[in-house]
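A.B. asks: Input: one structure, supplied below.
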Amino acid sequence: MNGTEGPNFYVPYSNKSGVVRSPYEEPQYYLAEPWMFSCLAAYMFMLIVLGFPINFLTLYVTIQHKKLRTPLNYILLNLAVADLFMVICGFTTTLVTSLNGYFVFGTTGCLVEGFFATTGGEVALWALVVLAIERYIVVCKPMSNFRFGENHAIMGVAFTWIMALACSVPPIFGWSRYIPEGMQCSCGIDYYTLNPEFNNESFVIYMFVVHFIIPLTVIFFCYGQLVFTVKEAAAQQQESATTQKAEKEVTRMVIIMVIAFLICWVPYASVAFYIFTHQGSDFGPIFMTLPAFFAKSSSIYNPVIYIMMNKQFRNCMITTLCCGKNPLGDDEASTTASKTETSQVAPA
């Protein structure tokens with residue numbers, strides 16, 4: 001083994017020289033230079049400074065403007081709630097641990113940080129699944145006369161949290177575990193060992209199949225069908241130009257969210273899968289640190305995409321920030337006119 005395993009941790013560094021210490025008790029500066037830990041702290045500070053206000057603003061603006069409380073927006077706002085949990089309960093923890101060079105909050109803090117990071121990522125993934133299915137049903141119309149309503153949205157939100165918790169809760173109760181990873185300043189699922197005491201192997205297989213491969217397969221299937229249907233409808237002019245334009249723009253926004261998710265999370269999932277399938281292989285702490293910390297940027301991109309590509313929300317946000325007046329003078333009537341009856345979302 002090219003790493004050192006101990007109670008509730010696995011350090012990717014051989015202890016032949018005797019320098020390895022518990023990541024819960026002492027700084028891990030033998031893994032990387034102190035300035036690298038400072039860079040991690042600065043990065044986490046940036047995510048907190050950007051992530052909290054933009055996600056909070058997304059929720060606040062929606063509460064202030066009733067017209068934004070539409071069924072499909074419930075799913076999008078659900079992402080903001082999950083991101084806020086990640087920022088408040090996860091990122092603040094990682095900021096402090098990075099400043100100290102080790103996980104100062106102990107095993108309980110590691111469990112909390114790992115839980116919220118995993119939950120946030122899984123809520124985002126399953127929300128994208130719900131959005132993909134909604135787009136498929138609305139655009140492809142496999143069920144005639146179906147309208148995505150408030151009850152469907154509430155069920156979709158509940159579904160995302162049930163599936164996310166089905167992934168993040170088991171390690172708390174002994175099916176796998178949360179341990180520090182990379183430079184030992186953030187926590188995640190134990191991909192590093194096959195510890196039979198925690199049944200790591202079965203959980204990692206379950207996680208990759210049920211909570212990564214299956215949802216991505218559903219997403220790709222839905223959008224594959226959707227692209228084909230949109231092209232066919234455009235060729236046959238089956239719907240009005242306004243409806244087609246609105247549906248295409250809503251779909252484009254969701255597809256961009258999927259691409260952003262893949263950019264953020266596929267590197268982490270790929271590295272985790274490599275480590276799991278190459279037990280005992282030689283890899284450094286930075287090998288897992290970079291994708292793990294890069295994945296945390298997912299807390300920012302969803303609201304940014306939503307704000308940039310949703311004109312109605314953009315106007316409402318400007319109105320809220322400017323104390324009830326929109327200095328740009330955009331006509332809300334032109335915005336709401338572009339809404340579709342099926343999705344109730346007004347894209348840019």
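Backbone N, Cα and C atoms are what each Cβ position is placed from, and that goes for glycine too.
The following feature annotations were taken from Swiss-Prot:
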BINDING   Glu201, Gln279  Zn(2+) binding site
CARBOHYD  Asn2  N-linked glycosylation site
CARBOHYD  Asn15  N-linked glycosylation site
LIPID     Cys322  S-palmitoyl cysteine
LIPID     Cys323  S-palmitoyl cysteine
MOD_RES   Met1  N-acetylmethionine
MOD_RES   Lys296  N6-(retinylidene)lysine
MOD_RES   Ser334  phosphoserine
MOD_RES   Ser338  phosphoserine
MOD_RES   Ser343  phosphoserine
REGION    330-348  region 'Interaction with SAG'
TOPO_DOM  62-73  topological domain 'Cytoplasmic'
TOPO_DOM  134-152  topological domain 'Cytoplasmic'
TOPO_DOM  225-252  topological domain 'Cytoplasmic'
TOPO_DOM  309-348  topological domain 'Cytoplasmic'
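Could you tell me the structural context for the features on the list?
C.D. replies: In the three-state DSSP classification, Glu201 (Zn(2+) binding site) falls within a helix. When Cβ atoms from all protein chains are considered, those within 10 Å of Glu201 (Zn(2+) binding site) total 15, not counting its own.
Within 10 Å of the C-beta of Asn2 (N-linked glycosylation site) there are 12 other C-beta atoms, taking all protein chains into account.
Asn15 (N-linked glycosylation site) falls within neither a helix nor a strand when secondary structure is assigned with DSSP, and so counts as coil.
Same-chain residues at least 6 positions away in sequence with a Cβ under 8 Å from that of Cys322 (S-palmitoyl cysteine) are not found in this chain. Cys322 (S-palmitoyl cysteine) falls outside any helix or strand according to DSSP and counts as coil.
Cys323 (S-palmitoyl cysteine) counts 6 other C-beta atoms within 10 Å of its own C-beta, drawing on all protein chains shown.
Cβ neighbours within 10 Å of Lys296 (N6-(retinylidene)lysine), excluding its own Cβ and spanning all shown chains: 23.
Broken down by DSSP into helix, strand and coil, the topological domain 'Cytoplasmic' (62-73) contains 9 helix, 0 strand, 3 coil.
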A.B. asks: Could you check which of the recorded positions (Asn2, Asn15, Cys323) sits closest to Gln279 (Zn(2+) binding site), going Cα to Cα?
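C.D. replies: Comparing Cα positions, the closest of these recorded positions turns out to be Asn2.
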A.B. asks: Where Cys323 (S-palmitoyl cysteine) and Lys296 (N6-(retinylidene)lysine) are concerned, what is their Cα separation in Å, rounded?
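C.D. replies: Between the Cα atoms of Cys323 (S-palmitoyl cysteine) and Lys296 (N6-(retinylidene)lysine), the distance comes to 32 Å.
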A.B. asks: Name the one residue among Asn2, Asn15, Lys296 whose Cα is closest in three-dimensional space to that of Glu201 (Zn(2+) binding site); these are the recorded positions.
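C.D. replies: When the Cα distances are compared, Asn2 comes out closest.
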